[in-house]
């Protein structure tokens, strides 16, 4: 890809995200979402492979439909109340349409069909952007309008997302699809709590982005796309594979690691809100996700294929990605002791 084109798309992504997260007016928020959508499409389709082109078209159609719904929702609200402010969404139809539109943007169930296919058609770096940066503006809109969302609809979609994300990830062999269903599952955890504690949703998103970035950057360094190749990568980069295992277990939410913190806080908050049944159901559904994370961790470190090569193990890789991976991997595993300090801010 042309360096100038890459610079323009990167700056457009930054500009679109900044406009959306800093706007109070619906038209400005919509403009930022549109800039973001148009900026990521060249990155998805840059390989010119038929699957990449298909992914770009699917992404464009879904995001265009969602943006239309956002515009429609805000226009109906302005028509009835005279308000274009993001925080003044009061009309019931507008609230329902906005919840649907943001669910489409994020890939919540039942609007999730596009997300695994788009991730599968993208490169690992673009898939990382789609899973983290592109989710930030819609989550910010949810955060700002959280008081006017439909609680029943959002809780239903959240539990369905946690269930489907765990269930569909079980029989996948492509790592990008597994991480797509992992993202859908985590979005379920974020959206179930946004009405009751919006700051906790943002904290969960930040920690999820950190852990997902670690996994994607390690997979990009080892050039791993499928379960069959993840087994062979151990002989080339043992330390990276060991780090990958810990990052995956952190994503699963096992206690000594960072990923346990948001799940623990969400279950605690749901219990305080007398939603014990929802907390129990979503906690049980996270076991489905734990299974495929454990399977990935097992393949990355424990399963060693028959190997006839006699070369020395490569303990050091001369790449510039080492330092960022080291920093974010440390954060994605070791933040749990800082939870009292994080709790003060939440």
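Backbone N, Cα and C define each Cβ position, glycine as well.
Note that this is a predicted model, so its numbers are computed, not measured.
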Per TrEMBL record, range annotated transmembrane segment [choices 120-144, 320-344]: 320-344
For the transmembrane segment (96-115), sequence-distant contacts whose Cβ falls under 8 Å of one of its Cβ atoms, 6 or more beyond its ends: 33, 58-59, 62-63, 65-67, 69-70, 72-74, 76, 89, 130, 135, 138-139, 141-142, 145, 149-150, 153-154, 157-158, 160-161, 163-165, 180, 183-184, 187-188, 191
Average model confidence [pLDDT] within the domain 'NADH dehydrogenase subunit 2 C-terminal' (290-343): 74
